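Single-structure report; data block below.
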Amino acid sequence: MENGEIPENANEHCPGPQSDSAGKSESCEGCPNQQICATAPKGPDPDLVAIAERMATVKHKILILSGKGGVGKSTFSAQLSFALAAMDFQVGLLDIDICGPSIPKMLGLEGQEIHQSNLGWSPVYVESNLGVMSIGFMLPDPDDAVIWRGPRKNALIKQFLKDVDWGELDFLIVDAPPGTSDEHISIVQDLGAASIDGAIIVTTPQQVSLIDVRKEVSFCKKVGVQVLGVVENMSGLRQPMLAASKFLRMTEAGEEKDVTEWVREYVKEKAPELLDIIALNEVFDNSGGGATRMCSEMGVPFLGKVPLDPELCKAAEEGRSCFVDQKSGTSAPALQKIIETLMENQGISRMLVDNDA
Ligand SMILES: Nc1ncnc2c1ncn2[C@@H]1O[C@H](COP(=O)(O)OP(=O)(O)OP(=O)(O)O)[C@@H](O)[C@H]1O
């Protein structure tokens, strides 16, 4: 029970070991910690003071959240960080997904280790203005499972905030695990809700994911963190084959026509086994109105949609930015627009630098 954390075996409605009524309130009756809480010295948590000092050089702190796992939250965190770094901002990416850290791989930093200096833990750098911190750098074997209870996860998050020598940062992007659990409460408590610019929530279009986004929005409202917006990821699938056929037809005819029917007939005749593929547009059911409707119902900004794009998946697998070449032709412009909208909403301006230019 260090530094004001509520112990795991505490009674329900525990007032917290730092509260004046710790060990003395009605809810403390029968709690195994009652005696210690009643007699322990009270005062500001020294760790929180150290975190505030460390964070004094960080201009913007943004949390990336999702209701469900696998919706593309880490992919978004990684690409947002690449994009901000390409805009010449000084960026830190903190992975607090303690049990499933995927950020090292998505930033191309697998196998890297953290180094210590007298200023604290040094982040692992992708480039001089993009530093990363993750438990993934601490595991001797990437296949190791991290099976930790809440207090241990909370302690590591505190240590990340207190001991990592980020230096001057324009942005600290925090990639959280899905849901609303220990890690989320911990990061909000440690940073202080008021010092966090806000949260971006990533979802897919279908109801099962959106239901959990509503919970995420409620969590943000409860803890006093602003929702900067919702990103609908894996939103539809662009079909290059269809586009190519359309282009050919346009070129042949010299005018623009909807050639969907023409392509369908052509494929039906030449390769009927592909009919299902060319008919597919929406992968996930969005008949409920998707994130757009959910956002207007919940009164939070909608930032935009990112389509399913095999090239984005590949960029994430290979740990590289999707913005540096023209390969991620469908997802990169969508992500770029979302980032520009976010910056505009926050009153921050700087153009995305084209690294190929
Ligand atoms: N728009 C997209 N198009 C294609 N693949 C995508 C897209 N977004 C994400 N992916 C891929 O989907 C997989 C899951 O994404 P990711 O790990 O970012 O999800 P997550 O929400 O962070 O999951 P978890 O929280 O469970 O770690 C990854 O392989 C990623 O590359």
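Numbers run from 1 along the shown chain.
Glycine is no exception: its Cβ is also placed from the backbone N, Cα and C atoms.
What TrEMBL records for CYS14, CYS28, CYS31, CYS37 is [4Fe-4S] cluster binding site. Residues annotated as ATP binding site in TrEMBL: GLY67, LYS68, GLY69, GLY70, VAL71, GLY72, LYS73, SER74. Per TrEMBL, the feature region 'Disordered' maps to 1-27.
Distribution of TrEMBL features across the structure.
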residue: CYS14; record: [4Fe-4S] cluster binding site; DSSP (3 states): coil
residue: CYS28; record: [4Fe-4S] cluster binding site; DSSP (3 states): helix
residue: CYS37; record: [4Fe-4S] cluster binding site; DSSP (3 states): helix
residue: LYS68; record: ATP binding site; DSSP (3 states): coil
residue: LYS73; record: ATP binding site; DSSP (3 states): helix
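Cα spacing between LYS73 (ATP binding site) and CYS14 ([4Fe-4S] cluster binding site): 33 Å, rounded to the nearest whole number. Within the set of binding-site residues CYS14, CYS31, CYS37, the entry lying nearest in space to GLY67 (ATP binding site) is CYS14 (CA atoms). CYS14 ([4Fe-4S] cluster binding site) and LYS68 (ATP binding site) have their C-alpha atoms 29 Å apart, to the nearest angstrom. There are 19 other Cβ atoms within 10 Å of the Cβ belonging to LYS68 (ATP binding site).
SER74 (ATP binding site) sits 40 Å from CYS28 ([4Fe-4S] cluster binding site), counting Cα to Cα. Sequence-ordered, the extra residues of this chain that approach the [4Fe-4S] cluster site, with Cβ no more than 8 Å from the Cβ center of CYS14, CYS28, CYS31, CYS37, are ALA10, ASN11, PRO15, PRO17, ALA22, GLY23, SER25, SER27, ASN33, GLN34. Spacing of CYS28 ([4Fe-4S] cluster binding site) relative to LYS68 (ATP binding site) is 35 Å (Cα to Cα, whole number). A C-beta separation below 8 Å, combined with a sequence spacing of at least six in one chain, links GLY69 (ATP binding site) to GLY100, PRO177, PRO178.
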